[in-house]
């Protein structure tokens, strides 16, 4: 399987990514195939506007119920907000994946 070369984010997360305040993304199984060491082009989901490149550092499975304050800090939000956002995007999904990255 070929690793994905593109990643999208809601535009509301762009500033935090560019500022280095958001260093992970939590995705469902359909987006678990990113490979550590690869670089992806990042664009806004709404407009498809490219705004940076990210190097994938790790991809780790996690249960929704195991999310904690450390994950929230890496997402630059409170744990309560993080869980609300994830439920909004992936309603009812328990198995998720934490993708850690750095801007290049």
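Cβ atoms are placed via backbone N, Cα and C, with glycine included.
Restricting the average to the domain 'ASCH' (7-93) gives a pLDDT of 97. Residues or ranges marked as domain 'ASCH' by Swiss-Prot on the basis of sequence analysis: 7-93.
According to Swiss-Prot, the feature active site, proton acceptor maps to 22, an assignment based on sequence analysis. Following the DSSP three-state reduction, the secondary structure of residue 22 (active site, proton acceptor) is coil.
The feature active site, nucleophile is assigned by Swiss-Prot to 25, with sequence analysis given as support. Cβ-based neighbour count (10 Å, all protein chains) for residue 25 (active site, nucleophile) stands at 21.
Classification of residue 75 (active site, proton donor) by DSSP places it in coil, neither helical nor stranded. The Cβ of residue 75 (active site, proton donor) lies under 8 Å from the Cβ of 22, 24, 25, 26, 82, each of which sits 6+ residues away along the same chain. Per Swiss-Prot, the feature active site, proton donor maps to 75.
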